[in-house]
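As C-alpha cells, the structure follows; a few thoughts come after it.
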Amino acid sequence: MAPQLLLCLILTFLWSLPEAESNVFLKSNVANRFLQRTKRANSIFEEIRPGNIERECVEEKCSKEEAREVFQDNEKTEAFWTVYVDGDQCLSNPCHYRGTCKDGIGSYTCTCLPGYEGKNCEHVVVKSCRLFNGNCWHFCKTVQNDTQCSCAEGYRLGVDGFSCIAEGDFSCGRIIKSRNKREASLPDFHFSDDYDAIDENNLVETVQSQSATLLKKSDNPSPDIRIVSGLDCKLGECPWQAVLIDEHGKAFGGGTILSPYFVLTAAHCLNQTKSIAVVVGQVDISRKETRHLLHVDKAYMHSKYVRATYDHDIAILRLRTPIQFSENVVPACLPTADFADEVLMKQDFGIVSGFGRLHERGSTSDILKVIRVPYVDRYTCMLSSNYRITPSMFCAGYGNQPQDACQGDSGGPHITAYGDTHFITGIISWGEGCGRKGKYGIYTKVSNFIPWIKTIMRRNQPSTESSTGRL
C-alpha cells in the first residue's frame, strides 16, 4: 500500500510543474506591457533631446564631444573628462602641505601654497636670493634659510629691510636732474710729468707681452678698440663718465668714476701716453676752456694683464686731488660679485658711453655718446669671435646692427641699472672692428675683480679723502 501511495504523490508533483511555471513567468507579449526601454542607438529623437550625462556617458560609453554637448562649457568638460577616462588621480590627495590637486589624463598637477614646491608640494622652499633678488633693492645674501638685504656704499637699509635710502646728495649710481645750466670757467689744464705703475704686493705690475702666455686663436685683437650710432648723452645723464687726456691735450680713452680719488679704466690705456690727466662732468670736450684736468698720481695695472690678448684688461687711476661731486658728476656704484653675476648681468641691457669714433673709419666725437647694448650669452659670444674669450671677458651688442663701442672709447664704462641705481659691470676693452655684422663688443668682466678693486682702493686711500666721496 505504501509504494502505491508514494507513486501517486510523484505523479501529482510532476503534473503540477507546468502550471507553476506559467504562474511565475509571464509570456513576452504580456511582459512587454509592463517593462519598456527606449532603444539608444539610432533613435529618431536622439539628437533633439536635451543632453543628460547619465544617459550619454553612464548608460553607455560616450565621446568627449558628447560630453561637451552636455556641459556646454570647456572647463567643466575637461574636469569631467579627465576623471571619466581613467579615474580621478586626486582621490588619494597626493598634494602635500594643503596644495591643490588638479586631475589630468594619466597624471595630476599640484598647485602649491607659497613656500612649497615639487610635484607633490613636498619640498619646503628656502627663501632664496635667486627669486626676484630676495626683493632686495641692492644686494641679497641667503642666511639660515632666509634672505638678508644690504646696500651699496652711500646708502642705508630702509626700515622695511629691503629698500636702500641714499645718505648723501651725490650717492653713487644716481642720475640727478641738473637745475643749473651754467658752467663755470675752470683753470687752464696742466699735466703731471709722469705717473707710476705700482707693484702693490704682487697685486699690480707692468706686464710685458713677450713674457705672457698667449691666449689668442689667431692674430691679436684690434688695439685700442672699443660709440657707433649712439645718441648724445645730455649733461648729467652719464655722470660717472671720465675722459682720459694725453700729454697733448687730446682725449684717447675713457674711465668710470668710483670715488673722489679713483677712476676705473682699461689696462691697455696705460700704454698709450707718457702722462694721463682726467676730465669729468663734460659732455662736449671741444670746449677746452671749461676743462678742469685732474692729474693722475699713480696707476695700478692688474698683475695678470696680458697685452697681446687683453686678458685681465683692468686698471685703476689714483688722482692727486679729489673729484668734486655735483649733479653732473656722480660715481657709479660698485656691485658685489654675486649681485653682478646673478642679477645685473641677467638684465636685458647695459649702458655704454664714450667719445670714441662715430664709425669704424671715422673721426672721434667731441660729444659724449651713449647706447644701450644687450648682453650676449657666452656661447654665442665665443662663436662670434676669431679670438679667445676668456673668463675675464663678456660680450655685449647687437651683432646685426651698427651700434657698438669703437676706437677711443676704451676704458669707458659699461653700466647696468637695477631700479634707480646704476652699477659698473664692465670696461670697454676690445673688438673686431666697430659695429660689424656678426661681431660684438668685448668688455672686461668687472665682477671677477671686485676684491682686487676694493683692495687697491683701501690700501691706497689718501688720508685727505673728501667727505663727499663714497667708497
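Think of each number as a place in line: the chain as shown, counted from 1.
Each Cβ is built from the backbone N, Cα and C atoms, and glycine gets one as well.
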Pick from C140, C149, C164: which cysteine does Swiss-Prot list as forming a disulfide with C151?
C164
With the disulphide bonds as Swiss-Prot has them, who is the partner of C381, out of C395, C406?
C395
Candidate cysteine (C101, C110) that Swiss-Prot pairs with C90 in a disulfide
C101
Which recorded positions sit within 10 Å of C129 (disulfide bond) - Cα, from C95, C121, H268, C395:
none
Ranked by how many other Cβ atoms lie within 10 Å of their Cβ, the disulfide-bonded residues C57, C90, C136 are led by C136
Of the active-site residues H268, D313, S410, which one sits closest to C90 (disulfide bond) when you measure Cα to Cα?
D313
Per DSSP, C233 (disulfide bond) is which: helix, strand or coil?
coil
Could you give the residue numbers and ranges of same-chain residues that sit at least 6 residues beyond the domain 'EGF-like 2' (129-164) on either side and whose C-beta is under 8 angstroms from one of its C-beta atoms?
171-173, 333-336, 338-339, 342-343, 418-419, 421, 423, 470-471
When the Cα of H268 (active site, charge relay system) is compared with the Cα of each of the recorded positions C121, C238, D313, C395, which one is closest?
D313
Please list the DSSP helix, strand and coil residue counts for the domain 'EGF-like 2' (129-164).
4 helix, 14 strand, 18 coil
CA pair E60 (4-carboxyglutamate) / E69 (4-carboxyglutamate), Å rounded to integer, equals 16
